[in-house]
Amino acid sequence: MRAVWLVSLGGILGSLTRWFLSLLIPSSGLGTLAANLLGVTLAMVFMVFMERRGITELRYFLLPGFCGGLSTFSAVTYEAVAPEEAGLTYLLVNIVASLAVAHFSLKAARRFVKVRA
């Protein structure tokens, strides 16, 4: 039951962060793109920290909770099909950029986060 609360609280905070980013960057889905790229970057860094430092207590809060709420695919899908949006191009930019950021964030985190002795 504790995991449910941790995921829920993290999800609330991640969703609010995504919403605030969309207010700060209101231009045509760029706030959601920023939230997705930030969420992917944080997820990769958190994953490496947990893997290398043995930090597991916050796993539910940080990964499926905060990062899941921050980088939601449903917001991308909505913005891709909304009549005033760029559609397929916007969707592809989100997917390709998210995968590229995940790749480079993971490599950087593995390079800089040391294994706990």
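Yeah, the Cβs are placed from backbone N, Cα and C, and that goes for glycine too.
A TrEMBL annotation is a machine prediction, not a hand-curated record.
In sequence order, GLY14, ARG18, ALA35, ASN36, LEU37, LEU38, GLY39, VAL40, ALA43, SER98 make up the list of same-chain residues 6 or more apart from SER71 (Na(+) binding site) whose Cβ falls under 8 Å from its Cβ. Look at TrEMBL and you will find GLY68, SER71 tagged as Na(+) binding site.
Under the heading transmembrane segment, TrEMBL lists 28-49 (among others).
The annotation transmembrane segment is assigned in TrEMBL to 61-81 (among others).
Under the heading transmembrane segment, TrEMBL lists 87-106 (among others). Note on the transmembrane segment (87-106): residues 29, 32-33, 36-37, 40-41, 43-45, 47-48, 71, 76-77, 79-81 of its chain, located 6 or more positions outside it, place their CB under 8 angstroms from a CB of the stretch.
Around GLY68 (Na(+) binding site), the same-chain residues six or more apart in sequence whose CB sits under 8 Å from its CB are VAL7, GLY10, GLY11, GLY14, GLY39, listed in sequence order.
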